[in-house]
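Per Swiss-Prot, active site is recorded for His5, and the stated evidence type is similarity to another entry. Annotation comment: Swiss-Prot describes His41 as active site, nucleophile, evidence class similarity to another entry. Summarising the annotation, Swiss-Prot assigns Mg(2+) binding site to Glu25, Asp27, Asp85. Marked as disulfide bond by Swiss-Prot: Cys45-Cys51, Cys47-Cys190. Swiss-Prot lists Asn250 with the feature N-linked glycosylation site.
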Amino acid sequence: WIMGHMVNAIAQIDEFVNLGGNSIETDVSFDDSANPEYTYHGVPCDCGRTCTKWEYFNEFLKGLRKATTPGDSKYHEKLVLVVFDLKTSSLYDNQASDAGKKLAKSLLQNYWNNGNNGGRAYIVLSIPNLAHYKLITGFKETLTSEGHPELMDKVGYDFSGNDEIGDVAKTYKKAGVTGHVWQSDGITNCLLRGLDRVRKAVANRDSSNGYINKVYYWTVDKRATTRGALDAGVDGIMTNYPDVIADVLNESAYKAKFRIASYDDNPWETFKN
């Protein structure tokens, strides 16, 4: 999965997919009442990027729905996965469940079209703080009470705080999550980060009793870093330059081993060689 980073304006969906992305990451900020409000990152952000592009969250979802609904004039067949980077650090810990409930309602209405031919992309809820795991339970409860538990088949999870792998595993137990797990590792492109924790995550993914299904590394803009991540065995790379990742995947060393995921590739299944 080539994951376009910080896609917060509707116009950027086309831009990042046309550069080679089959996945996008979108920032979601919340108001004081835990309503998802804007797709907005703010300052500071990655080097070389504009930090302040934004939409109202529900409007972004409508644009995203068009981009992922077959037959729509804006449809992109290859856009198959969306990571919502949930900026919950503005919330109190006890608001996490409410944030999940309100997020589910927004997605149900504006993205899934109340279960009636909505957008088809798989969704990853990426949470920066282990203490906010009740966002997941609130989200699940709401889709169930609104009569659409089947949409949980399209939803996965990520804790993005670079926490100890063992602590993340314990948190998923508390949240009642037993699958659909992506594990991120990374840092802003302005700084360097080694691959030690990525390798630990990959080892967990490939062990018989691990909790991780997929591992992604962020934010990767350079060819050398891309090669390092691929050599470590990641499933996804988040980038400001999807074309750079696509180029490296075309190199003879990687062409035979990796391909770009399509809609038929289940993002919740651990890939077995």
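Using the three backbone atoms N, Cα and C, a Cβ is placed for every residue, glycine included.
Shown on the structure are the features that Swiss-Prot records.
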{"residue": "His5", "record": "active site", "Cβ within 10 Å": "29"}
{"residue": "Glu25", "record": "Mg(2+) binding site", "Cβ within 10 Å": "27"}
{"residue": "Asp27", "record": "Mg(2+) binding site", "Cβ within 10 Å": "24"}
{"residue": "His41", "record": "active site, nucleophile", "Cβ within 10 Å": "23"}
{"residue": "Cys45", "record": "disulfide bond", "Cβ within 10 Å": "21"}
{"residue": "Cys47", "record": "disulfide bond", "Cβ within 10 Å": "12"}
{"residue": "Cys51", "record": "disulfide bond", "Cβ within 10 Å": "15"}
{"residue": "Asp85", "record": "Mg(2+) binding site", "Cβ within 10 Å": "25"}
{"residue": "Cys190", "record": "disulfide bond", "Cβ within 10 Å": "11"}
{"residue": "Asn250", "record": "N-linked glycosylation site", "Cβ within 10 Å": "10"}
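Recorded residues His5 (active site) and Cys45 (disulfide bond) have their alpha carbons 11 Å apart, per Cα-Cα distance. The record gives Glu25, Asp27, Asp85 for Mg(2+). Within 8 Å of the mean position of their Cβ atoms, the other Cβ atoms in that chain belong to His5, Met6, Val7, Asn8, Thr26, Val28, His41, Val83, Phe84, Leu86, Lys87, Ser126. The separation of Asn250 (N-linked glycosylation site) from Asp85 (Mg(2+) binding site), Cα to Cα, is 29 Å. Cα of His41 (active site, nucleophile) to Cα of Cys190 (disulfide bond): a distance of 16 Å. Cα-Cα distances to Cys45 (disulfide bond) place none of the recorded positions Glu25, Asp27, Asn250 within 10 Å. In the three-state DSSP scheme, Asp85 (Mg(2+) binding site) falls into the strand class. Cα of Asp27 (Mg(2+) binding site) to Cα of the residue listed as 'N-linked glycosylation site': a distance of 29 Å. With Cys190 (disulfide bond) as the anchor, the candidate recorded positions are Glu25, Cys51, Asn250, and the one with the nearest CA is Cys51.
Between the C-alpha atoms of Glu25 (Mg(2+) binding site) and Cys51 (disulfide bond), the distance comes to 14 Å.
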